[in-house]
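Residues annotated as region 'Disordered' in Swiss-Prot: 1-39, 55-76, 316-401, 498-552, 565-628. Sequence annotations record features per position, and here Swiss-Prot assigns repeat 'LRR 1' to 89-110. Taken from Swiss-Prot, the feature repeat 'LRR 6' covers 203-224. What Swiss-Prot records for 226-248 is repeat 'LRR 7'. What Swiss-Prot records for 438-472 is coiled coil, and it gives sequence analysis as the kind of evidence. Taken from Swiss-Prot, the feature compositional bias 'Polar residues' applies to 518-529, 584-595.
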Amino acid sequence: MAASQGGGGNSGGGGCGGGGSSGGCGTAGGGGGGAGGGGGGGGGTLVVPIPVPTLFGQPFPNGPPWNPGSLQPQHTVRSLDRALEEAGSSGILSLSGRKLRDFPGSGYDLTDTTQADLSRNRFTEIPSDVWLFAPLETLNLYHNCIKTIPEAIKNLQMLTYLNISRNLLSTLPKYLFDLPLKVLVVSNNKLVSIPEEIGKLKDLMELDISCNEIQVLPQQMGKLHSLRELNIRRNNLHVLPDELGDLPLVKLDFSCNKVTEIPVCYRKLHHLQVIILDNNPLQVPPAQICLKGKVHIFKYLNIQACCRMDKKPDSLDLPSLSKRMPSQPLTDSMEDFYPNKNHGPDSGIGSDNGEKRLSTTEPSDDDTVSLHSQVSESNREQTSRNDSHIIGSKTDSQKDQEVYDFVDPNTEDVAVPEQGNAHIGSFVSFFKGKEKCSEKSRKNEELGDEKRLEKEQLLAEEEDDDLKEVTDLRKIAAQLLQQEQKNRILNHSTSVMRNKPKQTVECEKSVSADEVNSPLSPLTWQPLENQKDQIDEQPWPESHPIIWQSEERRRSKQIRKEYFKYKSMRKSSSGNENDEQDSDNANMSTQSPVSSEEYDRTDGFSHSPFGLKPRSAFSRSSRQEYGAADPGFTMRRKMEHLREEREQIRQLRNNLESRLKVILPDDIGAALMDGVVLCHLANHIRPRSVASIHVPSPAVPKLSMAKCRRNVENFLDACKKLGVSQERLCLPHHILEERGLVKVGVTVQALLELPTTKASQLSVA
């Protein structure tokens, strides 16, 4: 149909003579012949000529629509040529967002290019023409398909800015870190590690390695003494390296990682203005501290550091305040850590307003440059002692053409030469004073360590002396007993020996109350450290001397072992000592141990630890006194008592672990103090016996004492309801103060021994 209409148009053109122009127009117009044919078909033999502009402005419905984008490639080519021409004259090459796969600048001289923007293209590798740009300082390769960085990049020895983010890099080559880079952006790649050679980038000020798969940061990052901004967001980091605490960071972003702890040494980041740590399972500091902001985080880190170094809370390490205000004394306020006003040369780094934080302007005066270099030099010396906070970024400011300037750019340049020398002198004197203070504190710490070691040695010597004294006294008593045995054999007949049991019974009845209650009596109860005046229950007069000596050596070794075991168990068992005593010894004296001076009043034997006297020790009455000593307070009986307590505590641990299927720590008293384990045990015996249990959370890992007491009281109430008798029920302080584990074990044992039928009846009721 269209072809026939076109034919009509052509024939009409031949008949009228005007069709020639119409047909000519159609031929020249590229599709106009079809339009003319349509016109001829509609108008018969008459064809109306249509001007060319009208054809483009008002396309006919039956013809193909005109697409203005058909001319776009010609404009793109012209704009690309124009960009290359401008790059040759200005040194700035901008080819961003052109979907280029190959570099088009083969016919242009671009060797003087200083800035090249090749971002948002489709380069699979860095164009080889770029390696010819010797003076290149800035290279932007953002959003391409680059997989590797060739070694030819070493030709760009003036490159300070490199952005190769959002590409397909899996590793960073070692030769990349031989360049004088100040800004390196390699985010949104597939990096799994950072080479150790990154420590060579002494001038690096900004590093962005976010959105990768990095698991560990190298320790060599602590050598980046000029680093101001570090972005390690969205990686797989579990631990932050301690070396970052020595850097002069202004911004730190480690969000969206797996970090659980901020190192305490990060309290030295006194220039830090922005810290982003969200989306991390942080435990130290706790979540409620992190939500309060930067100041509270640093305060928490300072308190933790003081606790670890056994310092007082009023000796917090606040050197940043003294650096910002050398003429003002230090205070304990953590709010001064980051003042809102500018002080001294720290105009941008020490403020929170975010303005003028990173100034890239070069000092306009030689005195300003010298001041900056002097401050940086002093800071480098302090950094080597791990006690400084870096203010400058480099030692030589003239070498760095784009350093971060810490002098307020709004300050008049005229005032700098007048005050430059004063600033230099004040800072140098301040740092010298700081060195002296650090030396004094170091000496004080050394003296404290020496004193602590001396005290420990004295305590160890005292313990050894006590043990030696016990063994010496036993030897003396052994000699006296041997002498007594010889005298008895010589002076007494066989009939006297037959009546010995009867005399022993009479002597036991004749012990006076004065002897029992006397402060020097051998029956006086005393702690184990002074068990020198206690008697062993072994029948000494009946033993053979040689057998007794071998037995004595064995006992002395056993005493030494039990002595140190007792000291470790004394804290947990001290609350139960009075409860375990026999009723016959309830009224005995509990006075302080007898001093060594009292032993020497009568040649060391008048009140000997075995109740023996120098000459009357061989008489019958002294033997009766010796035989009447209560064996319940001997050292061996005390050791047996401690072994029983340890066995009960072990049984308590086994009961809890077997019933609850958990593993308790070595310090079982601390594990039971909050009452959570005991409440779970009660609910295990009878469900819902404890309605509510206060449990710790990751944000608050330790319960308050009020909540601990509430848990303990709920547990004891549940025990009463379940049928535990009052005699076998422990008291709250036995659990809360960790001093009655034996009583707690009795209560738990009673709870487990309840009949199942009774427990089921109670649950039904």
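Along the chain as shown, residues are numbered 1 onward.
Every residue gets a Cβ built from N, Cα and C, even glycine.
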Residues in the repeat 'LRR 1' (89-110) grouped by DSSP into helix, strand and remaining coil: 5 helix, 3 strand, 14 coil
Beyond the flanks of the repeat 'LRR 6' (203-224) by 6 or more, those residues with Cβ under 8 Å of it: 160, 165, 180-197, 230-244, 246-247, 253, 393-394, 400, 404
Residue distribution over DSSP helix, strand and coil in the repeat 'LRR 6' (203-224): 5 helix, 3 strand, 14 coil
Confidence summary for the repeat 'LRR 1' (89-110), mean pLDDT rounded: 87
